[in-house]
């Protein structure tokens, strides 16, 4: 449109935007907002690990792109939701952040069974959080689905000078667990955070049958019902053990 003509219309008195304006006549010129496309899938991911390893920081960096230097420890469970698009599908990702203290294990264990992906986090500057990994693997073996994708994350890479656990140690631990991936990250510096979640979701989608991925009306499609805030029933222990 000619800028001069636009200014002339604004300056004109008594009817520059009157009923005769072609842009507004009958409301035909208004562009209707298209409703957002609903998600094709809803996936649940849980983040586990010892207290203070940065589970909440990783979740909030991914969902809100924020970082809290002095976050309070999670009590029980917390969750956030983020929608991502991968492989031509819109995925509503429900991320559960679990408490690291043992006294909350009876609560948090109820969330394992419904999780399609599990992120196990330790702090590279605290050896005791790495030494706790076998304990967390027992929780996974006891309550999680055998199909759940596993990802081991060494967090706080921004504190490299205080490192107590080498990258090689993290890689070696992950290699002992069937199907477990490994990476290091920093929630503070926003390093590898998006990659953690997106790679995990991509691995989950890879394992889905092709007929489900192609059929948007499948049972895996996101329900528009309100999200449940009550944990599922505690599943029975399963005998299978992942560790080699």
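Placement of Cβ uses the backbone N, Cα and C atoms for every residue, glycine included.
The annotation GTP binding site is assigned in Swiss-Prot to 52, 53, 54, 55, 56, 73, 74, 100, 155, 156, 158, 186, 187, 188 on the grounds of similarity to another entry. The feature Mg(2+) binding site is assigned by Swiss-Prot to 56, 74, 97. The compositional bias 'Low complexity' feature in Swiss-Prot is assigned to 1-10. If you look up Swiss-Prot, you'll see 228-238 marked as compositional bias 'Pro residues'. Look at Swiss-Prot and you will find 65-79 tagged as motif 'Switch 1', backed by similarity to another entry. Annotated motif 'Switch 2' per Swiss-Prot: 97-114, in sequence order.
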Mean of pLDDT values spanning the motif 'Switch 1' (65-79): 64
Of 56, 155 (the binding-site residues), the residue whose Cβ has the fewest other Cβ atoms within 10 Å: 56
Number of other Cβ atoms within 10 Å of the Cβ of residue 187 (GTP binding site) across all protein chains: 29
Candidate with the highest Cβ count within 10 Å, taken from the binding-site residues 52, 97: 97
Residue pair residue 97 (Mg(2+) binding site), residue 56 (GTP binding site) - Cα distance, angstrom, rounded: 6
